[in-house]
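Peer 1: Have a look at the structure that comes next, please.
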Amino acid sequence: MTECFDCDNCKESLYGRKYIQMDNGPYCIPCYDAHFANTCDECKELIGHDCRELYYEDRHYHEHCFRCFRCDRSLADEPFTCQGKELLCNDCYCSEFSSKCIACEKTVMPGSRKLEYNGQTWHEHCFICSSCQQPIGSRSFIPDKKDYYCVPCYESKFAPRCTRCKKTLTKGGVTYRDEPWHKECFVCTGCKTPLAGQQFTSQDDNPYCIKCFGNLYAKKCSACTKPITGEQNSSLRSPVMPGVASVPLSASFTVVSCGRNSLYPQLKAPK
């Protein structure tokens, strides 16, 4: 006697027919599709046993139904993004939602390295110094109107240079005769003492501390032979520093005794 081999659902014989074995028994193809096949989320039809089925976030699709919502390209073997309930291929997503590089006007692809400044976006390799044309990357930069400079190029191109050493002044410094100096470079011509913030005078446009000027150029008192540093033709001054005004002292004279019954002039600060 032949052993019974029937569909577990319709009870029809499966001899000579295709079937699918399930845990609880064999099923003929029509019964399997009717009871176990999933419904395509796109076309709402059953996904038959002989169809390639795709699954994404609790939704099932026929292979030919899993397509980009914008360009209708198949997403079966393509990277894609879900925007709301819409499936989008990478090209359509980037075209619609990704920013564009301000330099090359191409889309900045998701996951690629980018730089953002003032609401604008660049590919990392497109954000370059306007002078040396090298990528700035994560280094510090200085904007100038529509140009961007790395710090070395900006200092070389725009920063003032010290009158003495000719190197750029990156911070601080003093101004003398409308020329910039490093504080450490602005020294007495004679003894090399720093003059920043100190009173000084000049001879032939060279700055001198009061002591050196007196020893080298000031007239000597005929009584005590000491230098007269308050002569009418010279004036004491201070170098101009950022935020500090230059206040020359007046060279008015007050008669005093020098200790040898002679008179010599003395500087008097203005009231």
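Each residue, glycine too, has its Cβ placed from N, Cα and C.
What TrEMBL records for this protein is below:
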- 38-98: domain 'LIM zinc-binding' (DOMAIN)
- 99-160: domain 'LIM zinc-binding' (DOMAIN)
- 161-219: domain 'LIM zinc-binding' (DOMAIN)
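Set these features in their place in the structure for me.
Peer 2: The DSSP breakdown of the domain 'LIM zinc-binding' (38-98) into helical (H, G, I), extended (E, B) and coil residues amounts to 11 helix, 20 strand, 30 coil.
The average pLDDT computed over the domain 'LIM zinc-binding' (99-160) stands at 88.
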Peer 1: What is the three-state DSSP composition of the domain 'LIM zinc-binding' (99-160), stated as helix, strand and coil residue counts?
Peer 2: 10 helix, 20 strand, 32 coil
